[in-house]
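Per TrEMBL, the features are:
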- 23-287: domain 'NADH:quinone oxidoreductase/Mrp antiporter transmembrane' (DOMAIN)
- 56-76: transmembrane segment (TRANSMEM)
- 96-115: transmembrane segment (TRANSMEM)
- 152-171: transmembrane segment (TRANSMEM)
- 178-196: transmembrane segment (TRANSMEM)
- 202-219: transmembrane segment (TRANSMEM)
- 240-261: transmembrane segment (TRANSMEM)
- 281-304: transmembrane segment (TRANSMEM)
- 290-343: domain 'NADH dehydrogenase subunit 2 C-terminal' (DOMAIN)
- 324-343: transmembrane segment (TRANSMEM)
Amino acid sequence: MNPQAKLLSITSLFLGSTITITSNHWIMAWTGLEINTLAILPLISKSHHPRAIEAATKYFLVQAAASALLLFSSMTNAWYTGQWDITQLTHPTSCLLLTTAISIKLGLVPFHFWFPEVLQGTSLTTGLLLATALKFPPITLLLLTSSSLNPTLLTIMAVASTALGGWAGLNQTQTRKILAFSSISHLGWMAIILVYNPKLTLITFYLYCLMTIPIFLTLDTIKTLKLTTMSTAWTKIPPLTATLMLMLLSLAGLPPLTGFLPKWLIIQELTKQEMTPTATIIALLSLLGLFFYLRLAYCATITLPPNSINHMKQWQTNKSTKMFITTFITLSIMLLPLSPMIFTTS
């Protein structure tokens, strides 16, 4: 891809996200989301592979439909209340339409079908943007309107997302699809607590990004797209592949690691809100995700191929990439001891 075109796309992504996050008017928020959609399309289709073109087309159609719904929701609210302010969304129909629009943009169940397919058709670096950076503006809009949203609807969608993210990921062999279903499952955890504690949703999203970024970068460094190639990838950079297991277990939410913190806080908050059955259900459903994370970890570090490939170990990688990955690996594994500080700031 042309470096100037790449720079323009990435700059537009930053611009679109900034416009949406900082705006308090629905039209400006919608404009930012549209800039984001148009900026990511060249990055999705840059390989010119038919699957990449298909992914870009699917992404464009889905995001255009969601943007139209969002605009219709804000116009309906303005028609009835005379308010274009994002925080003044009070009309019930507008709230329902907004929940639907943002759910489509994020990939929450039952509007999740596009996300695994689009992620499968792109490179790992573009997939990383789709799974993290491009979810921030829609989540910001949900946070700003959280007081107006229907808690029952969000709880049903959240539990369904966690369940489907776990079930559908069980029989996948492509790492990008596994990470897509992992993202859907984590979105369920964010959505379930949104109405009761919006700050906790934001903390969960930040920690999810911290854990997902190094996994995508590691898989991109060792050039692994399938489980079958993952079992032979450990010979390339053994230390990196060894830490991949810890990152995956952190994403699963096992106790000594960073990923345990958001799940612990959400279950604690749900219990305070007298939603113990919901907390129990969502905690049990996260075990489904744990199974495929363990399978990934098993393939990455514990499996020994029958015939090891004879090639030079790739000890030296790009220094800037190495520092970047190392920083995120440390944060994704060892952030749990900082939880008292997070409690005090939130």
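Glycine is no exception: its Cβ is also placed from the backbone N, Cα and C atoms.
Of the candidate ranges 56-76, 202-219, 281-304, 281-304 contributes the most Cβ pairs within a distance under 8 Å of the transmembrane segment (240-261). Computed over the domain 'NADH dehydrogenase subunit 2 C-terminal' (290-343), the whole-number mean pLDDT of the model equals 72.
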